[in-house]
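The feature substrate binding site is assigned by TrEMBL to Asp9, Ser10, Tyr41, Gly42, Asn74, Thr75, Thr185, His186. For Cys73, Cys184, the entry in TrEMBL reads active site, proton donor/acceptor.
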Amino acid sequence: MSGPILIFDSGVGGLSVVPPLRHRLPNAALVYACDNAMLPYGTRPDDWLVTRILAVCEAAVAASGCCALVVACNTASTLALDALRAHLTVPVVGTVPAIKPAAAMSVSRHIGLLATSATVARPYTDRLIETFAADCRVTRVAADPLVHETERLLAGDEPDPSIIEAVTAPLWQESDLDTVVLGCTHFPLLGERLAAAFPRPVRLVDSSDAIARRTVQVARDPATRAGRDRSLATSPDAGLSRALAGFGFDEPQLLIVG
Ligand code: DGL
């Protein structure tokens, strides 16, 4: 069924997937949906999160009439992908930490995972590491404060470099670590500010292009964009409107979650 491609995250993080998606599908209509009323997801309990993610995604799929859902959130995907696929009739593309490409690139065989508290501790993440990075040492760092710093940046404020430096310190203090997985969709949006926190060059790897490639495969008949893309949010917020406008989305409409 034709319809826009729906991108979902707790906040602005899913916007990191928008440029590669527009690059690969330049004419496809997109709808961005976020549950900013409940941000951040990364410190919430799993059973609460599953119920909430299902409710928000069901409401957003109905409100958008989408042809496919991109869950542009590692915290949601590593927990609720199976439940979403069981509940929804549209194809669902998930986002999980890019452990596999990072392990393939690492020369020193020591990689870092920078993600939310929830994602670093998930059984799904354990399985990714066992399957694709069994011969690597993996240093996992919960970096929840970077979610807030990214939200601030996209809302027009400058993030605090001392917070970025303190949160990433357990990674750059490991002298042989050469590759870092950005396992939260917010983090690539910090761009140079994140790379600048590392006193020596490390590879930063994220999943955004892989998600765009997968979306091209599953979104069989995306509707053609007519004007600006739409957005949906669970709480009106001026900073969010500014972030969305910066990525070519209209003022968000209120998403009512049942
Ligand atoms: N952007 C989300 C992710 O990829 C998480 C942000 C949050 O904690 O809400 O995990």
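Just so you know, the numbers here start at 1 and follow the chain as drawn.
From the backbone N, Cα and C atoms, a Cβ is placed for every residue, glycine too.
Nobody curates TrEMBL annotations by hand; they come from automatic prediction.
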Environment of Asp9, Ser10, Tyr41, Gly42, Asn74, Thr75, Thr185, His186, the listed substrate site - residues of the same chain whose CB lies within 8 A of the CB centroid: Gly11, Gly13, Pro40, Cys73, Ala76, Thr116, Thr119, Val147, Cys184
For substrate: widest Cα to Cα gap among Asp9, Ser10, Tyr41, Gly42, Asn74, Thr75, Thr185, His186 in Å: 12
Inter-residue Cα distance where the pair is Cys184 (active site, proton donor/acceptor) and Gly42 (substrate binding site), in Å: 9
Cα-Cα distance linking Tyr41 (substrate binding site) and Cys184 (active site, proton donor/acceptor), given in Å to the nearest integer: 11
Nonlocal neighbours by CB distance (under 8 Å) for His186 (substrate binding site), same chain, sequence gap 6 or more: Gly11, Val12, Gly13, Ser16, Leu146, Val147, Thr150, Glu151
Neighbourhood of Ser10 (substrate binding site), C-beta criterion under 8 angstroms, separation at least six: Cys34, Asp35, Asn36, Met38, Leu39, Pro40, Tyr41, Cys73, Thr75, Ala76
Gly42 (substrate binding site): tally of other CB atoms within 10 A of its CB: 24
CB contacts for Cys73 (active site, proton donor/acceptor) [other CB atoms within 10 A, all chains]: 30
